[in-house]
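As given in TrEMBL:
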TRANSMEM  A:6-27  transmembrane segment
TRANSMEM  A:58-79  transmembrane segment
TRANSMEM  A:86-105  transmembrane segment
TRANSMEM  A:132-153  transmembrane segment
TRANSMEM  A:179-200  transmembrane segment
TRANSMEM  A:206-225  transmembrane segment
TRANSMEM  A:237-257  transmembrane segment
TRANSMEM  A:269-286  transmembrane segment
Amino acid sequence: MSEIAFLGAVEIGLVYALVGIGVFLAFRILDFPDLTVDGSFPLGAAVAAVIITSGIDPWTACLASILAGAAAGLVTAFLNQRFGILHLLASILTMIALFSINLRIMGRPNVALINQDTVLSPFYGLGLAGHYVRPLVVLVIVAIVVWLVARFLRSDFGLAMRATGVNPRMARAQGVKTAVHIYVGMAIANGLVGLAGALFAQTNGFADVTTGIGTIVVGLAAVIVGETLFRPRTIVIALIGCVVGSVLYRLAIQFALSADAVGLQASDLNLVTAVLVAIALILPRLRGRKAEA
Amino acid sequence: MRTYLAAAAALGLFAAPAMAEDVTVAVTAIVEHPALDAARDGIRDGLSDAGYKVGENLTFVYETAQGNPATAAQIARKFVGDNPTIIVPISTPSAQAVVAATKDIPVVFTAVTDPVGAELVSDAAMPGGNVTGVSDLSPLADHLALIKEVTPDAKTIGVIYNSGEPNSVSLIEKLKELAGPAGFELKEAVATKTADVQQAARSLVGEVDVIYIPTDNTVVSALEAAVKVAEENSIPLFAGDTDSVPRGAIAAIGFNYYDIGLQTADIVVKVLKGEKPGSIPVKQAMGTNLVVNPAAAKKMGVTIPEAVIGRANTVVQ
């Protein structure tokens with residue numbers, strides 16, 4: 001694996017780490033199986049791409065992507081809380097609706113950003129090669145997000161949100177307004193996914209309506225790989241686990257891409273990726289069993 | 001490990017001068033599907049015809065993103081890191097990912113409909129930089145010529161399309177530019193969903209001499225509805241894609257993606273021989289298949305000229 005390929009995998013892994021954190025908030029903190037992310041990721045990309053191509057500052061575009069993602073999360077939460085639609089189904093409804101909405105926002109299936117100024121543009125001029133700049137900038141953004149989310153989850157409001165996910169009846173008995181926490185939690189989760197979409201569009205030069213397919217799988221893989229490797233006992237470690245898990249997932253794909261040398265075909269990519277991730281999940285358990293024995 | 005290194009070093013030392021002609025062509029597509037796979041095979045065979053043979057002096061690397069743009073981005077990074085002689089991305093997202101990832105390695109894209117709109121090149125005639133390629137925009141001029149040949153008296157063409165499909169909107173814009181000089185007048189009928197196609201076709205009855213269905217996903221999905229109206233009113237109906245001909249269109253000219261691959265290989269060879277991609281204009285794909293359906297023509301009151309049937313690649317029985 002070349003250095004550029006390695007750093008490329010790290011960079012894309014860091015972008016998807018934000019998806020991992022969003023999925024962690026929904027699935028683990030709120031106990032809300034949320035498939036909205038397959039729509040909110042390309043939504044973030046679409047919003048950022050359209051705003052950037054209309055000449056507006058890319059940071060404003062990122063902020064708009066966060067708000068758009070948050071709105072998508074609110075719609076899912078609304079369908080679930082207000083009308084009692086099963087959380088999975090509510091999120092699927094939002095997800096499929098977003099496909100059409102993303103086409104509307106972009107006006108076509110694909111918007112190019114290759115020649116546009118992005119949040120990365122100011123950093124390209126600092127003397128570092130592009131393949132160093134991109135992962136570094138994304139790393140800084142991810143670190144800030146981890147810090148903010150960890151702080152949030154340790155605040156009184158965040159603790160009440162965690163209680164909502166663990167035991168909603170108990171939480172309500174303690175005077176926690178669980179509905180409010182589900183709305184806010186889903187907004188934050190999908191807002192982060194929207195930000196990931198915005199960063200993906202800017203680091204890769206395009207927003208495409210198909211970018212969202214399988215986002216939930218990548219997010220879940222990040223969360224579970226992180227949990228398996230870190231066995232987190234604190235929120236910060238769990239969040240870092242999501243980040244590391246996401247990067248490892250991308251490195252697995254990168255290894256799979258290099259597997260042609262051992263007689264595998266290009267079409268085996270997804271299979272090889274799945275096997276590598278499975279190994280990553282199984283290995284720590286084997287070690288754990290040996291330690292117990 | 002040390003032996004490996006020694007062997008590699010030895011190979012490198014001895015092989016470098018002898019294999020100066022050796023090239024690596026890295027090909028990637030967003031997804032595996034018949035047209036894109038045919039383009040890939042065309043590229044490989046075209047290179048072989050030009051003397052670059054797999055296993056001899058050509059390393060042909062192929063990766064597919066299996067439909068996932070994030071994987072396409074990773075493949076782009078892998079290729080840039082491997083530093084091949086040339087990268088050939090097939091399809092728009094793959095091409096955008098590769099072009100965003102390198103400003104140095106020559107890139108020859110293919111099967112991209114609108115390379116300027118996708119920001120792969122700023123000017124198709126003079127791309128500049130490290131990028132050029134082949135565009136597969138529908139050969140509308142050929143379509144108009146075919147209509148003229150089959151129905152020489154036709155003056156007004158009715159076009160049914162979905163104004164919500166960006167690809168169709170740009171096709172219609174292009175068609176408007178070409179129709180006037182070719183001696184045609186255009187009349188548009190919009191169908192935003194498949195259920196509206198029949199109504200749109202009816203609105204053209206009595207107003208137009210022929211109906212043309214561009215490569216519009218909505219209208220092509222409900223092609224039979226338009227064909228029925230055309231047959232009932234004896235209006236010849238032409239299509240923009242060859243698959244519509246067995247379904248009742250009189251004739252169509254569509255791409256053969258294997259040929260597009262061969263044309264892409266021509267440009268790749270030029271770059272391998274030392275030409276700068278930036279000075280090679282983006283090529284409009286050619287090498288199309290003509291498919292005709294004489295039975296459908298009869299139902300619409302037209303006889304397809306023998307000359308057209310004679311040069312057709314496929315005659316639907």
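Glycine too: its Cβ is placed from the backbone N, Cα and C atoms.
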Whether the transmembrane segment (A:237-257) meets the transmembrane segment (A:132-153): three or more C-beta pairs under 8 angstroms: yes
Beyond the flanks of the transmembrane segment (A:206-225) by 6 or more, those residues with Cβ under 8 Å of it: 16-17, 19-20, 22-24, 27-28, 35, 37-43, 45-46, 48-49, 95, 98-99, 102-103, 106, 109-114, 193, 197, 200, 241-246, 248-249, 277, 280-281
Positions whose Cβ lies under 8 angstroms from the transmembrane segment (A:6-27), at least six residues beyond its ends: 33-34, 37, 41, 131-132, 134-135, 138-139, 141-142, 145-146, 149, 185-186, 188-193, 195-196, 199-200, 203, 215-216, 218-220, 222-223, 226, 238-239, 242-243, 245-251, 253-254
Sequence-remote partners of the transmembrane segment (A:179-200) [C-beta within less than 8 Å, at least six residues beyond its ends]: 12, 15-19, 21-23, 25-26, 29-30, 32, 34, 36-37, 40-48, 61-62, 65-74, 76-78, 80-81, 119, 138, 141, 145, 149, 152, 157, 160-161, 164-165, 171, 207, 211-212, 215, 219
